[in-house]
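Undergrad: Submitted below is the structure of interest, expressed as structure tokens.
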Amino acid sequence: MSPTAGAGNVPGVRIVVCVKHVPDIQSDRALGADGRLVRDGGDGTINEVDENAVEAAVVLAEQVGEAEVVVVTVGPDDAEDAARRALQLGADAAVHVLDDDVAGSDAFGTAAVLAAAVRRLGADVPVDLVVTGMAGLDGLTSLVPGALAALLDLPQLTLAADVALADGEITVRRDLDHATEVLSAPLPALVSVSDRANEPRYPNFQRIMAARKKPVETLTLADLGVDPATVGAAGARTAVVEAAPRPPRTDRVLVSDDGQAGARLAAWLVERDLVRPAAPPTGEVL
Amino acid sequence: MSTVLVLLDHADTGALRGSVLELATVARDLAGDGGAVHGLWVGDEPLDPALPVLGRHGVSVVHAATTGAADPRLTPVLAEVLVDAVTASGATVLLALSTFENKEAVARFAVATGAGVVTDAAAVERDAEGRVVAAKTVLAGTWTTRCAVLTDPAVVLVKAGAVPAREVDADAPALPAVSAREVAVSERATRARVVERTAEEPTDRPDLAAADTVVVGGRGTEGDFTALEALADVLGAAVGATRVATDEGWIGHEAQIGQTGVTVSPRLYIGAGVSGAVHHRGGMQASGTVVAINSDPEAPVFEIADYGIVGDLFVVLPQLTEALRAR
Ligand SMILES: Cc1cc2nc3c(=O)[nH]c(=O)nc-3n(C[C@H](O)[C@H](O)[C@H](O)COP(=O)(O)OP(=O)(O)OC[C@H]3O[C@@H](n4cnc5c(N)ncnc54)[C@H](O)[C@@H]3O)c2cc1C
């Protein structure tokens, strides 16, 4: 890779990675009366697949040699933990957008704030690549990467299971429900990665110590020139009107196989009318 | 009373995805009396074979969009077609299947139009004020929410199997009128290009996301899916897998169920040799009846199973299949 691989006229490549702070998937997560996630602090973590995004960025940076990886996160105080984690995983610097008016943002509000942060970073030194995880594993909407690419006017290569950078071109392989594709685009570009893209490294003691010295810049909406009315709950285009935990499953059966469990399960399924004559494939008609 | 536009997803062969007909049914309910359901067909694949079935499901107009040299499978291209079609049809609601590609396309559509979006909807209706409200499960299927879309147009991506597809109540439903449109796609939509594309092999099994019954294998199969396949044959089921099974290459990646794979909510889910990791549960917890077969009585999958068998899948599955076959 030549030192002028990036789209900017500075040597090397500048990569921005967007990470989200979410409640730990292993914890008991809940929604409040306002339909928002209850964030009682403590058991939050970086959105898991965002670790794959950081890893992809750091690996590309290592390959290029001369490169900088900057992390951006948007969220309340403890969202800084997600940025810190990304620094431990090898990112060089972080930006935390912290503003009460961000609360309640939908995917488009979040994307608008991220876009403003990337633009601000790009005003100093051009950004060649934006990397995100494929989805927030809490809400699973997957809308942010596409919205962010549109707002930043970047080509988008999403759901990457494999990322490669060569001669100013980024190439990804992605597995869709009904096809596998290879996409390619010139830098600057946006890539979203899946959990198949890599195995995130483990932050060892040395990395944790090194991360402590890395800068985290805190910015507000005003710093970014974002009108608070366009983001947060004020700017949200959807509203949760009702939220309830799914009722627990009742009348559950747990048996140990005594040699006849398979046959008894068959009877149980038939009794509940869960066995239908094999229907024609519903994937396609005609 | 309004126009609802349905994206007519089809395979590379031109075969309509069956679940699109469910969307047409949802669309009719949303359009209301005097409203209209329009379809949007994107691409050069032959549309004619699909017209009768669309007519029977209440679609009155199909906008057939081509994009010249631009590949409509690129989601930014599709997004521009959506903007064009929503404008042309005057639709106030856009419905599409909840796939990764459609999520991407509507994200861009929403940036262009200001539309609000709900993805992964299991049901859609209008509330008393006429707003579009969609139900979806979140937090790995443990919570159910209802989300109102506050914008016009409103976009809802609907999961396969949300409603049974219903034909219109008419002796001779009319064929939809076809309105051909050539959309001039901007340069920016094609800056990422498809270098290579391999369509999946067609199978005789139902589509995983849409199937009524799903049979799922995990690491416990040790790569031997024959007992699962035999059960799936008897049940007319789709075959799914955990990430471990797809990563091992025992079955294709498109079979992965979970947070980073396909979300399923069949009437019946049967998991064998699946531990029930939270990432997997996120993609199946909203299933109707959950059956689990696992040799480890401590496996977390038993926490959410309606019927759990502690046993060896290589013993239990063949016996189950045999008993069902003998009925
Ligand atoms: C970011 C991220 C995203 C992920 N996304 C997904 C996802 O979308 N989908 C997904 O599935 N996983 C996903 N995973 C992986 C997930 O965490 C688990 O590792 C995975 O689901 C476990 O698969 P398994 O149940 O096949 O294997 P294991 O957890 O190893 O379980 C195998 C089970 O088989 C049982 N068994 C063994 N032999 C037999 C036998 N003869 N008869 C009966 N039972 C037997 C064992 O008791 C065990 O419970 C993700 C992980 C991460 C970090």
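Each position is counted from 1, following the chain as shown.
Each residue, glycine too, has its Cβ placed from N, Cα and C.
Copying in the features that TrEMBL gives for the protein in this structure:
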DOMAIN    B:4-198  domain 'Electron transfer flavoprotein alpha/beta-subunit N-terminal'
BINDING   B:Arg219, B:242-243, B:256-260, B:273-280, B:Asn294  FAD binding site
Undergrad: Which has the fewest other CB atoms in a 10 Å radius around its CB: B:Arg219, B:His280, the listed binding-site residues?
TA: B:Arg219
Undergrad: Helix, strand or coil for B:Ala277 (FAD binding site)? Use DSSP.
TA: coil
Undergrad: Among the binding-site residues B:Arg219, B:Gln259, B:Ala277, B:His280, which ones place their CB within a distance below 8 Å of a chain A CB?
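TA: Qualifying residues, whose Cβ lies under 8 Å from chain A: B:Gln259.
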Undergrad: Counting only residues 6+ apart in the same chain, whose Cβ is under 8 Å from the Cβ of B:Gln256 (FAD binding site)?
TA: B:Gly240, B:Ala241, B:Thr242, B:Arg243, B:Ala245, B:Thr246, B:Val262
Undergrad: As a test of reading the model: what is the averaged pLDDT for the domain 'Electron transfer flavoprotein alpha/beta-subunit N-terminal' (B:4-198)?
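TA: Mean pLDDT across the domain 'Electron transfer flavoprotein alpha/beta-subunit N-terminal' (B:4-198) comes out at 94.
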Undergrad: With H, G and I counted as helix, E and B as strand and the rest as coil, say where DSSP puts B:Gln256 (FAD binding site).
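TA: Assignment for B:Gln256 (FAD binding site) reads strand.
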